[in-house]
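Colleague: Straight out of TrEMBL:
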type	residues	note
BINDING	D71, L72, T73, R98, Q114, D118, R267, Y271, Y272	L-histidine binding site
DOMAIN	1-357	domain 'Aminoacyl-transfer RNA synthetases class-II family profile'
Amino acid sequence: QGTRDHPPAQVALRDRLLSAVVSCFKRHGAAAIDTPVLELREMLIGKYGEGTKLIYELQDQGGELLALRYDLTVPFARYLAMNKITKMKRYHVAKVYRRDSPATARGRYREFYQCDFDIAGQFDPMIPDAECLKIVHEILSDLQLGDFVIKVNDRRILNGVFAVCGVPESKFIPACITVDKLDKMPWEEVRSEMVGEKGLSPEAADRIGEYVQLHGGLELIERLLQDPKLSQNKLAKEGLGDMKLLFEYLTLFGITGKISFDLSLARGLDYYTGVIFEAVLLQQENEHVEEPVSVGSVAGGGRYDGLVGMFDPKGRKVPCVGVSIGIERIFSILERRLEASGEKLRTTETQVLVATPQKHLLAARLKLISELWDAGIKAEMLYRKDPKLLKQLQYCENTGIPLAAIVGEQELADGVVKLRDVATREEVRM
């Protein structure tokens, strides 16, 4: 449950999608790394907030307590700490595992791909963060998925809001996790969860509500910088100062039209320390489907300056910021779109089919196809001694092979090959 086999057409579509994402990561100068699918259990526990319940735990014969990786960020932080790396720009495309209740219609599985891009190192504030947002903007524009918005917030601003609203520090993370549900639940339900389950006072919850329902751009940041309560809080002030700087850089990148500073964005993971962001596709208007498809978040990330230090024996910190592209959800949309359009996706890359029109010419086909393979040309032939020409051409049409190289008795006698364009039926001898 929650996993699936991918037939050739799906793999072809996924490869096309992944190559678009990876080419963007490479354009921004990232190098690829790979890490094991297994991690020590203790490396993962306590890094994901409520997500810790969803970690797949395993035990090997040596009695080591292991777990399947839950994301690609914690393994990256461990990799940096183990190898004493203090500066790196990397991408990683690999499968991760979550013991979640699958919602396959919405692209949520127990085994799925993640595509991560991260910048580790000590740099001037908000320059790497702005680049991560630019990457999300580039990828979502490139894939033409329809309209989207990238919500941005900062953990320090949120913590400042909780502090000035009278939330005790021990309840910041539980409050954060509840606020993060505002995109799925109305404020009334979020408020009652805060008071009922998380033990906040009704007054504190109401005060939080005044802030977390705000969203906007630079003008909102300016307004909050003047806010009598927030401007007294050191954390919130720092966060708002950086947010203002971030928006200046995003203006220079020309992408603020798709960016919204949104105080309800919390992202449920424990390790975020600064800027956090999430890209959401806006309702898809689709002529072929009555129900518009809403797949929610398709990318997310943020700054996690304390994570590497958790793995370093000396607690040395390496500031990091990164983004993860929700490839499975995007894949679900593209898959539906392909079905609706009726377009057939080629699952192979064969350029030419070697064909013969008469009997007893298998040797000629084998010699020619061998020459083509040796020359690096992608070629196929039918595995029959004497196939009918019509059947061979039909195979080209069914699989999308554009050319047929035909060798008959006449061609052999003349030392030529007849090349046929399958779609137009034009032929040339060469």
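Glycine too: its Cβ is placed from the backbone N, Cα and C atoms.
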Colleague: Could you please provide the mean pLDDT value for the domain 'Aminoacyl-transfer RNA synthetases class-II family profile' (1-357)?
Modeller: 90
Colleague: Restricting to the chain of Y272 (L-histidine binding site) and a gap of 6 or more, list residues whose Cβ falls under 8 Å of its Cβ, or answer none.
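Modeller: Once residues fewer than 6 apart are set aside, Y272 (L-histidine binding site) is near R155, G302, R303, Y304.
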Colleague: Determine the Cβ neighbour count for R267 (L-histidine binding site): the number of other Cβ atoms within 10 Å of its Cβ.
Modeller: 23
